[in-house]
Ligand SMILES: Nc1ccn([C@@H]2O[C@H](COP(=O)(O)OP(=O)(O)OP(=O)(O)O)[C@@H](O)[C@H]2O)c(=O)n1
Ligand SMILES: C[C@](O)(CO)[C@H](O)COP(=O)(O)O
C-alpha cells in the first residue's frame with residue numbers, strides 16, 4: 001500500500017476472521033486452522049494484498065488473538081500482513097465483527113470490500129470484478145453462482161410452500177463490495193444480517209451480482225477443509 005494508492009478509487013478491505021468455526025470444530029478459531037501448514041487467513045490475506053489500488057486492510061480477529069497483535073502468538077504464524085494492515089477484535093456475530101472492521105478502514109477509501117477469511121481460496125479476479133462493478137456506479141456488488149439444485153421454501157412444519165424459479169437464484173460469496181458511505185450507513189442502521197448485501201438491500205440500495213467462482217467456497221465443515229487441502233495439493237501450493 002503506497003501513497004499513490006490514495007487516489008480516488010482507493011480500496012479498503014475488511015477480512016473477517018473472528019468466527020469460532022463451530023461447524024468445523026477444529027478447537028481453534030476457524031480462520032487460524034492450518035491448511036497446508038498455514039492459517040486459512042494467510043491465503044485470504046495473500047490474495048487481498050495483490051489487489052490493485054489497495055489502500056487499507058483491516059483484519060478482524062477473535063478477541064483472544066487481536067489487537068495489539070502479539071507477535072509471539074503462534075496462531076498468527078504464516079500470516080503475512082501487508083504493511084499498514086490493522087488488526088482489530090471482532091464480536092459475537094459476523095455483523096459485530098464487520099462493524100468493528102469498518103470503523104478501522106482508512107477514511108480515504110471510496111470502495112470497501114468485506115471478505116470472509118473462511119473463503120480463503122477466492123481468486124483475485126473475483127475481487128476485481130466486485131471492485132469494477134462498484135466503480136461503474138453500483139452501490140454494492142457481490143459474487144454469486146447459479147443455484148444448481150431445485151430449492152424449496154418450507155413452513156415451520158417442513159411443508160413446502162413454494163418452488164422458486166432457480167433461474168432467478170444465486171448463491172452469494174465474498175468479497176462483497178460497496179461504496180464506503182453506503183456500507184457505513186447500513187452498518188450504522190442497527191440492522192443485523194449474515195451478509196453485508198442484505199443490510200445494504202434493506203437500506204434501499206441496489207446491489208448487483210457479478211460472476212463468482214467455485215473456488216470462493218466457504219470452509220465451513222471438515223469436508224470443506226479436505227476439499228481445500230486437495231485443491232492446494234493439486235495446484236502444488238504450500
Ligand atoms: N462473530 C463472527 C462470526 C463470523 N466471522 C467471520 O465471518 C466469516 C463467515 O462466517 P462463518 O463461516 O459462518 O464462520 P463461523 O461463525 O466461525 O462458523 P460457525 O457458524 O460454524 O461457528 C468467517 O470468515 C468468520 O471468521 C467473524 O468475523 N465474526
Ligand atoms: C457472508 C456469507 O459468506 C455470504 O455467503 C455468509 O452469509 C456467511 O454466513 P453463513 O451463516 O455461514 O451463511
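Placement of Cβ uses the backbone N, Cα and C atoms for every residue, glycine included.
Just so it is clear, the model here is predicted, and its values are computed rather than measured.
Marked as site 'Transition state stabilizer' by TrEMBL: 23 (among others). Taking the Cβ of residue 23 (site 'Transition state stabilizer') as reference, residues of its chain lying under 8 Å away and at least six apart in sequence are, in sequence order, 220, 221.
The C-beta environment of residue 30 (site 'Transition state stabilizer'), restricted to residues of the same chain at least 6 apart in sequence and closer than 8 Å, consists of 19, 20, 21, 24, 40, 117, 118, 219. For 30 (among others), the entry in TrEMBL reads site 'Transition state stabilizer'.
Annotated site 'Positions MEP for the nucleophilic attack' per TrEMBL: 166 (among others), in sequence order. Taking the Cβ of residue 166 (site 'Positions MEP for the nucleophilic attack') as centre and 10 Å as the limit, one finds 13 other Cβ atoms among all the protein chains shown. Mapped onto three states, the DSSP output places residue 166 (site 'Positions MEP for the nucleophilic attack') in helix.
Under the heading site 'Positions MEP for the nucleophilic attack', TrEMBL lists 218 (among others). The Cβ of residue 218 (site 'Positions MEP for the nucleophilic attack') has 116, 118, 119, 173, 224 as same-chain neighbours under 8 Å, each 6 or more residues away in sequence.
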